[in-house]
Amino acid sequence: MTAIWTKRFVNTLLVLVAIAALAAVIQAAGSIADGKFHMVSYPASSENIRMEPLGGESAWWQMQAGTVRVDDHSWLRAARLVGRLAGLALLAGMFWQLRGLLVRIAEGDVFSDANVAALKRVGKLLIATSVLSISITFMTQYAILEAIPDMAERAIHPSISWNVKGVENIWMEYTPPIIPVLLAMISFITAGAFQSGKNYREDSESVV
Amino acid sequence: MPIITNLDVMMAKRKVSLKELADRIGISNTNLSLLKTGKVQGIRYRTLDAICKELDCQPGDILEYRADDD
């Protein structure tokens, strides 16, 4: 891929991130206009599967996943919006670093200080994104749990929790950012490899 | 660096110009100039061999170790 096409590709990704940020703001504005901004919903799934027959005994409507919702939590909704925008900003920053890196490589400038620094920055941004994701999820789940009153027949759990016997257990869902953390590790290892390549190139260039 | 290059001294003794020596040993004037002024990280045995052959000297006549004062 040429430098120009690389730039165009990453520019497209940056535009998509900007569109996602704009969509988040528009969605929030729509919620405020509808008077629903105080509602916070979060995906959850139950250990029980409710089944309803679909016109007989051979087909079923299975219900297991849904959302828990708490009202009067505008601050949480606003915090989640800020977190989402911050996450998108970090993603845009990562794409920007990637853009410079790919363009320099496409132009033949591979083992350089600029590329080593860009790879380290990509790794740091990925780690920051992961920490942000975990923090926002932790805050949201515990704020929702605080708002839900105790129930005799159901227990709502955060993502990491033991089940309670004798009640219907419902877990709030979350997939930890394992892939971003792995990509961050690969970025740091690649930065180290580029640093070694740069040292080797400099050494070989100044041996006569 | 405590390794000193005395190539200019040997070239003066043998009355050889930089261009002439570069042509004889098959490296560029620029690289030989860098070697003469000690601005290189290393020297290949092949280059050292060619210089010693052309200047009729030993590697020790060209390279010298001088300990740092500190």
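Note: Cβ is positioned from N, Cα and C throughout, glycine not excepted.
For A:1-23, the entry in TrEMBL reads signal peptide. The transmembrane segment annotation in TrEMBL covers A:81-102, A:122-144, A:174-194.
Residues 110-112, 115-116, 119-120, 122-124, 126-127, 129-130, 133-134, 137, 141, 159 of the same chain lie 6 or more positions beyond the ends of the transmembrane segment (A:174-194) yet place their CB under 8 Å from a CB of it. Away from its own ends, the signal peptide (A:1-23) comes close to residues 85, 88-89, 91-92, 95-96, 98-99, 102-103, 106-107 of its chain (Cβ-Cβ under 8 Å, at least six residues beyond either end).
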